[in-house]
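Marked as region 'Ribokinase' by Swiss-Prot: 1-330. Look at Swiss-Prot and you will find Asn205, Arg206, Lys207, Glu208 tagged as ATP binding site. Under the heading active site, Swiss-Prot lists Asp275. What Swiss-Prot lists as region 'Cytidylyltransferase' is 358-490.
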Amino acid sequence: MFDFDDLSQAIARQTVLCVGDLMLDEFVYGEVSRISPEAPAPVIAVQRSETNIGGAGNVARNIAALGARGIFVGLVGQDAAGDQLEAELAKVDGIESVLVRDPSRPTTRKVRFVSEHFSTHMLRADWERAAPASEDIEQKLIAAILPLIARADIVLLSDYAKGVLTARVLRNVIDATRRAGKRVIVDPKSANLAIYRGASVLTPNRKEFSEATRSRAETEQEIAAAAQDAIYLADCEAILVTQSERGMTLVPRQGDPIHVPAYPVKVRDVSGAGDTVVAVLAAALAAGAAWEDALRMASAAAAVAVSKQGTASVTSAELRRKILPHAYRAAEEKIIENDGELATRVAVWRSEGLRVGFTNGCFDILHPGHVKVLTAARAACDRLVVGLNSDTSVKRLKGESRPVQDERARAEVLAALEAVDLVAIFTEETPLRLIELVRPSVLVKGGDYTREQVVGHEVVEAAGGEVLLIDILKGHSTTALVDRARSDQR
């Protein structure tokens, strides 16, 4: 049985050595509404731009996003783009990078001009020298890579045919990895699969597979038949053919092919989706996953990646939301573990134009009065964040005999309510820190308060928000329920 949480935790303990062609990906977003008077060419009115680590560097980003450790070796020029990539890689937690500088070539850089409204790529400009590295650079790459194999659980080679993975580099790395008793995953570019001989798994896309096998294989059976000669030629354990909306088919040397369908998803941008697939596959296999489980996780990751703009990485939390049934994960996913996750979730809602509300309390024993406040609060906004007093905070406020239920139990009860979208536990006596972080459009409080008495009202009103006071429901209180229960026991 596929246990996502166990596999995800195992992935976080792995180290993946990633070697390949590093690129600087730039995206220029705008709209086209006219043709240039100077030439029959569209004019893009630029609205924004962004820069990402691309190519094999995006593979490393995805490895780190899963919680695993990535060691990355790549090649850049002696230029500003190379400096920028080195700086960007240094910012990513979980990636240790070793970059070899080649003054004879520019750092590979790709600039894409994209229609913001339609997410359509209109033009791409490339700066590159797609030639094999010189013997001197090859030796520097090999010298950098080989000592790192001992520190890795698996080796991943991402070939974009930009010069890093020459025949000599491939041979040295694959042979050394096999001698160490470890797997090598290769995302190939060359149609000559023999140069990857000895790799454990090759992951060509449909076009690359057709060129390598000189076939027009479409069905699972045709792919399996065409792959057999390729497996023999490359002396590999298996070939995984990725097929975009058709899913992916794994053909092992021994055993039956395995086909995993693609998740239905609205595609925004396919840039870097293959990087995501191979990163997840390598990390899952390093963690000891069965083929089916690794493929299921990789397919889900691809679906998440193509639903994002630009060169995207995919986190373990995003995978969890994609893979696990909604009823299983809905409640527990509402419970926020840290401020960073809370800020990210709220930022996503705001980017979607949603109105965020906030309320707080101990919620020790949930009663109709609580439900009234929470329901009214949710009616006043699009997404409701509930600040929940921690156990230590409740003790300070209510006494040593409280809470009756620990903070996790109270959080799970709140998270199960349809009115609640997120639960954030705070240890302080007041939720001011959370309010400053969330900056809600509406701050809701139940009880006999004036607006000025509500903690955080200054923060909310200064940002243009409002404070909403809800009348309490008479005859319902946790303290009364606790006292009644204790008197009944006497």
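Every residue gets a Cβ built from N, Cα and C, even glycine.
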Would you find the one among the binding-site residues Arg206, Lys207 whose Cβ has the most company, meaning other Cβ atoms within 10 Å?
Arg206
Per DSSP, what is the residue count of the region 'Cytidylyltransferase' (358-490) in each of helix, strand and coil?
57 helix, 26 strand, 50 coil
Between 0 and 100, where does the mean pLDDT of the region 'Ribokinase' (1-330) sit?
91
Measuring Cα to Cα, how many Å separate Glu208 (ATP binding site) from Asp275 (active site)?
15
Cβ atoms near Glu208 (ATP binding site) (within 10 Å, other residues, all chains)
21
An 8 Å radius from the center of the Asn205, Arg206, Lys207, Glu208 Cβ atoms defines the neighbourhood of the ATP site; name the other residues of that chain inside it, in order.
Pro204, Phe209, Ser210, Glu211, Val241, Thr242, Gln243
Number of other Cβ atoms within 10 Å of the Cβ of Asp275 (active site) across all protein chains:
30
Counting every protein chain present, what is the number of Cβ atoms, excluding its own, within 10 Å of the Cβ of Asn205 (ATP binding site)?
18
Taking only the CA atoms, the spacing between Asp275 (active site) and Asn205 (ATP binding site), expressed in whole angstrom, is 11
Helix, strand or coil at Asn205 (ATP binding site), per DSSP?
strand
